[in-house]
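Annotated features in TrEMBL:
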type	residues	note
BINDING	LYS129, GLN192, GLY224, ASP255, LYS398	UTP binding site
BINDING	HIS225	substrate binding site
Amino acid sequence: MSLYVEGLSKELPSNLYGMAQFQEVMRQQLESSMHVELEKLISTAKGPDAEVSKKDFEGFQKIFHRFLQVKGPSVEWPKINRPPEDSIQPYDKIKVKGIPDNIADSLNKLVVVKLNGGLGTSMGCKGPKSLISVRNENTFLDLTVQQIEHLNKTYNADVPLVLMNSFNTDEDTKKILQKYTHHRVKIHTFNQSRYPRINKESLLPVATDMGMTGENADVWYPPGHGDIYASFYNSGLLEQLIAEGKEYIFVSNIDNLGATVDLCILNHLVSQPNGKRCEFIMEVTDKTRADVKGGTLIQYDGKLRLLEIAQVPKAHVDEFKSVTKFKIFNTNNLWISLSAIQRLQEQNDMDMEIIVNPKTIDGGLNVIQLETAVGAAIKCFDNALGINVPRSRFLPVKTTSDLLLVMSNLYSLEAGSLTMSERREFPTTPHVKLGSSFTKVQEYISRFESIPDMLELDHLTVSGDVTFGKHVSLKGTVIIIANHGDRIDIPAGSMLENKIVSGNLRILDH
């Protein structure tokens, strides 16, 4: 579970001034010790890696300084207000403006950035998550390239794709990029920073040198997607894109298949008058019970601000989860001004709450990693805006249950984009919960001879050793439970509608 650093310590009463002085001395000693340890690590770096690591460590020292300095809860609950009506616009209001004939001019000012730092380990896959096949043998990355190529061809535009990789994904991603050489998409990459995990007790790095193998395999981490601002700026790519006439980036997680370039939002962004130019748009959507932990937008100190559950005082967590008070959540689809990122980086004004993420590494050592979230910077940008978009723009694939939905006939695929089938009567997505036998992609694939017809499905729960034959149809609510030691084979051609299947059902070849 992640904590926001501001919640770690309490303000000291004035009569404990001596204690405050003592704590200040301790903080200074910790910062000094950290500086010495980082210098030792840098001295083991070789060639151009040394310069990159030096910049990474400068960023780490800033976040470590703030981690030691900041006190008290990150938000004072009584100061939280609902955002003003005009600060979160309904998508329909933006869509009604339509798309102008010269939308290609706007597209030529846009860069698509995908957050590509994650591995597929939670789904039992090695390597970058973006290289997992999700539909008709197409990977997340294939679909992204197809979407942007379609835009560029349709509007005769030049929208480049930028991938923010991490040290976990960079090498494998770059090998794959060669296959897109002849596609009409310019692809750039830059790397997230590499920060040292720190010992929970000593608050010093666990790493003994800059190596990433052997004893050091587990001692580094990419510091959350809030690192995009610093690492994009440090890479030189931000400056290059501005020089090429680019003005905005559309940022999203590469595993959100609903995060395609929306021309209505783009038009709204570029058509603002100069003095009121919007520097940051966050796409939000209505909460359901499944989203109660998602970050929400609030008004705080006169600014739009992202409020995450880890920042909420324990006494108010239930209130935060309430769908009535906080009705929307952050999809992490963001539209951000490039020149504003450049300005905030150069003025050192990028301020994001620190997330303290405790981990246990091999050998049982407790460590912490200090992270930030990209959406938390919304409060730093001028004229920031939320847009309440349809749920269809939030289609993340985090588990094989999500994968089953996007591989099914619930969605049709065209030019890399998935859209809900017109043959489904209800626009809502079914609730699918596959058990632990389906967690890994390879196991999941082996259990389906073909993906069932799910057009009329509302709810599916599967638990235990269950397999599906070809051309199975699922409708209404279907629950299939094989108890320990039992196995259930759903026969080819079966139609299950509002059924509970349990016990043992074997189909054997003879």
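Cβ from N, Cα, C; glycine included.
A TrEMBL annotation is a machine prediction, not a hand-curated record.
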Next on the checklist: Give me the CA-CA distance between LYS398 (UTP binding site) and the residue listed as 'substrate binding site', in Å, as a whole number.
Outcome noted: 16
Checklist entry - Counting other CB atoms within 10 A of each CB, which of the binding-site residues LYS129, HIS225, LYS398 comes out lowest? => result LYS398
Next on the checklist: Let's check the environment of ASP255 (UTP binding site): how many other CB atoms sit within 10 Å of its CB?
Outcome noted: 22
Checklist outcome for this item: Cα nearest the residue listed as 'substrate binding site' among binding-site residues (LYS129, GLN192, ASP255) -> GLN192
Checklist entry - What residues, ordered by sequence, lie under 8 A Cβ-to-Cβ from GLN192 (UTP binding site) and sit at least six positions away in the same chain? => result GLY117, MET164, ASN165, SER166, PHE167, PRO222, PRO223, ASP227, ILE228, SER231
Item to check | Neighbourhood of GLY224 (UTP binding site), C-beta criterion under 8 angstroms, separation at least six | outcome: ILE355, GLU371, THR372, ALA373, VAL374
